[in-house]
Number of protein chains: 2
Amino acid sequence: MRVLIVEDEPYLAEAVRDGLRLEAIAADIAGDGDSALELLSVNSYDLAVLDRDIPGPSGDEVARRIVASGSGIPILMLTAADRIDDKASGFGLGADDYLTKPFELRELVLRLRALDRRRAYARPPVREIAGLRLDPFRREVFRDGRYVALTRKQFAVLEVLVAAEGGVVSAEELLERAWDENADPLTNAVRITVSALRKRLGEPWIIATVPGVGYRIDTGTARA
Amino acid sequence: MRVLIVEDEPYLAEAVRDGLRLEAIAADIAGDGDSALELLSVNSYDLAVLDRDIPGPSGDEVARRIVASGSGIPILMLTAADRIDDKASGFGLGADDYLTKPFELRELVLRLRALDRRRAYARPPVREIAGLRLDPFRREVFRDGRYVALTRKQFAVLEVLVAAEGGVVSAEELLERAWDENADPLTNAVRITVSALRKRLGEPWIIATVPGVGYRIDTGTARA
DNA sequence: CAACTGCCTTACGCATCCCGGACGGTGGAG
DNA sequence: CTCCACCGTCCGGGATGCGTAAGGCAGTTG
């Protein structure tokens, strides 16, 4: 489990990190909103712990960005006790849990584990590959962070391709997985759907054709 | 915050009560198991502090009853130091925390506050998502802070959708959860209710249709 | 009993999706 | 160069699924 801690007070942040380390939870620290957003874009985290009151973009703003990114990373908000009335707005921004300072490290760990479990069990994993993010639970697809509306068949086909993690999938296999049993083997439905998919997902094209074999998600490794 | 103290030694009980009062925590005292159960049935408490060794029904028995009542009131157990080996059994009976005598008042307060926070988290009576606030207990719904009157069915459906936290819920699943067993599988009651819900909740529409799949709360991640 | 509300079935309009057919483009083999 | 296999894309009709209006039935209230 890997966590991003966004907290502007170094002493507190490091104390939390050290505590989490004992629980085998890896944690990175961002001291302000900008570095938080940068770290989020570079690394992949399972959870985010956000102090609301930080330099640069506020904790609220960072939370909004995380939610909008569609990554589905759960957020635990930290706030000073005297601002507890902000609780509603915190949840409204997409925070999944809330903790008021001062808090016990033990409790933080419990909540983080709870959030991680909830994410892991309740939701099918969000798959990411080559700038493509596919959320089976919400049935949403993002290309480079932008939402892409897909039809049912298009989503089904893309789901199979993404599940293959860049491996080649034959037209027959696509037919078998994304269509029901009684599909005409010599249909060109696959070609049409793939064509539509490419168009919807925009350029650069992310679905590569392997002549005579099938299709695969282009992860860029094959490009010169 | 209101706490029930179950402790047969009057001096200790009152010392604790006075100490808690300074922390703005209201406390009632029960000297034995029977009066504890009576007070629990009459008043509503946020927490219970139980001495294991009391006259009448034991602390263990009282704890069992509290858990069985389904009220979800967290329990902090007190025990003499020489019986610390009972710790496991105490937790087994549903105690949420544990303290051995003698203890410092300061520590008791800290633990009570922690328990109260955890309770607030463990069963959030109010769910919030995307500007929607839903109170299952009072059967009330607010959209952006404004009250919205809903019928029973409408509320039930919205409850399921909100519980899914933005995930897609199929019409079948809605039927299964918001209607009783004998629902016609090919009814369009769901569509009618969703339609009415959308109208009641006003614009912008907060329930999105995922064609061929189901419905979900629109958290806004799909726009922008 | 009358009026009302909540709830569901029937029915219909409408948008969208899906796929067969046809056509054009491309690259390799002869 | 010509042929051919394979692939991408446009078009149009049929099918599907969704939204909503209208009416009836049951339970509740005054």
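Cβ coordinates come from backbone N, Cα and C, glycine included.
Under the heading domain 'Response regulatory', TrEMBL lists B:2-116.
Sequence annotations record features per position, and here TrEMBL assigns 4-aspartylphosphate to B:ASP51. Taking Cβ-Cβ distances under 8 Å and a sequence separation of 6 or more, the neighbours of B:ASP51 (4-aspartylphosphate) in its chain are B:VAL6, B:GLU7, B:ASP8, B:GLU9, B:GLY59, B:LEU78, B:THR79.
If you look up TrEMBL, you'll see B:124-219 marked as domain 'OmpR/PhoB-type'.
The feature DNA-binding region is assigned by TrEMBL to B:124-219. In the predicted model, the DNA-binding region (B:124-219) has a mean pLDDT of 84.
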Per DSSP, what is the helix/strand/coil residue tally across the domain 'OmpR/PhoB-type' (B:124-219)?
33 helix, 23 strand, 40 coil
